[in-house]
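Database features, via Swiss-Prot:
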- 1-27: signal peptide (SIGNAL)
- 28-196: topological domain 'Extracellular' (TOPO_DOM)
- 28-139: domain 'Ig-like V-type' (DOMAIN)
- Cys53-Cys129: disulfide bond (DISULFID)
- Asn69: N-linked glycosylation site (CARBOHYD)
- Asn97: N-linked glycosylation site (CARBOHYD)
- Asn150: N-linked glycosylation site (CARBOHYD)
- 156-182: region 'Disordered' (REGION)
- 197-217: transmembrane segment (TRANSMEM)
- 218-247: topological domain 'Cytoplasmic' (TOPO_DOM)
Amino acid sequence: MASPLTRFLSLNLLLLGESIILGSGEAKPQAPELRIFPKKMDAELGQKVDLVCEVLGSVSQGCSWLFQNSSSKLPQPTFVVYMASSHNKITWDEKLNSSKLFSAMRDTNNKYVLTLNKFSKENEGYYFCSVISNSVMYFSSVVPVLQKVNSTTTKPVLRTPSPVHPTGTSQPQRPEDCRPRGSVKGTGLDFACDIYIWAPLAGICVALLLSLIITLICYHRSRKRVCKCPRPLVRQEGKPRPSEKIV
């Protein structure tokens, strides 16, 4: 027969093996999933805004809402409210004066609603929720709640297309183009029409004057000097003699 010590050790080993088998067969607790909506909110001043955090999975405790002001330079978020999952206990942050800016409620066992009573610059920023399950803290995605920017768009001005005339036909001139102004009394064409007439004429006159000056300069330089004095004839002996006149 086995001794009492041997039987005690065998029993402990058997119990230890069963506990290991049972522990390995148990499934690990599933991490909760946080869904928050809407994903983004563009609100107007004074508007009421509802933010919903839906918790999928088992949560031992409640849900907390946190807030990061858009104008704040501090990186850490601010606690807003805590809602318990088992009873209707709601805890606000007294420093933030959350009870006047916000209101909260637990819609169902897994939906926690945070309401912005009146949207203002004081509660403009980024919101997210958080839960604790099995001593682990989980966070949702961030929802930006910002002021809506009203973009002013100007209507495009529609211009009537000008009629297209066939090729080779003269376009009739509108009477208001060369009509004298009502407040100015004068004779002849208007200044707007005078400049279109005299400017080309003045340009042509200047071009002709420059051409004439250039022509005179070139002609003066190209003239050759002709010597009319007779040259003396050279004799074969090397002495010059007077040139003979040709009749």
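Backbone N, Cα and C define each Cβ position, glycine as well.
Locations of recorded Swiss-Prot features on the structure.
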{"residue": "Cys53", "record": "disulfide bond", "DSSP (3 states)": "strand"}
{"residue": "Asn69", "record": "N-linked glycosylation site", "DSSP (3 states)": "strand"}
{"residue": "Cys129", "record": "disulfide bond", "DSSP (3 states)": "strand"}
{"residue": "Asn150", "record": "N-linked glycosylation site", "DSSP (3 states)": "coil"}
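Around Asn150 (N-linked glycosylation site), taking its Cβ as the centre, 6 other Cβ atoms fall within 10 Å, counting all chains. Here the domain 'Ig-like V-type' (28-139) has, by DSSP, the following mix of helix, strand and coil residues: 4 helix, 58 strand, 50 coil. Annotated pair Asn69 (N-linked glycosylation site) and Cys129 (disulfide bond), C-alpha to C-alpha distance, rounded: 15 Å. Counting only residues at least six positions away in the same chain, the Cβ atoms of Leu34, Arg35, Ile36, Cys63, Trp65, Lys111, Tyr112, Val113, Leu114, Cys129, Ser140 sit under 8 Å from the Cβ of Cys53 (disulfide bond). Counted within 10 Å of its Cβ, the other Cβ atoms near Asn69 (N-linked glycosylation site) come to 16, all protein chains included. Counting every protein chain shown, the number of other Cβ atoms lying within 10 Å of the Cβ of Cys129 (disulfide bond) is 26.
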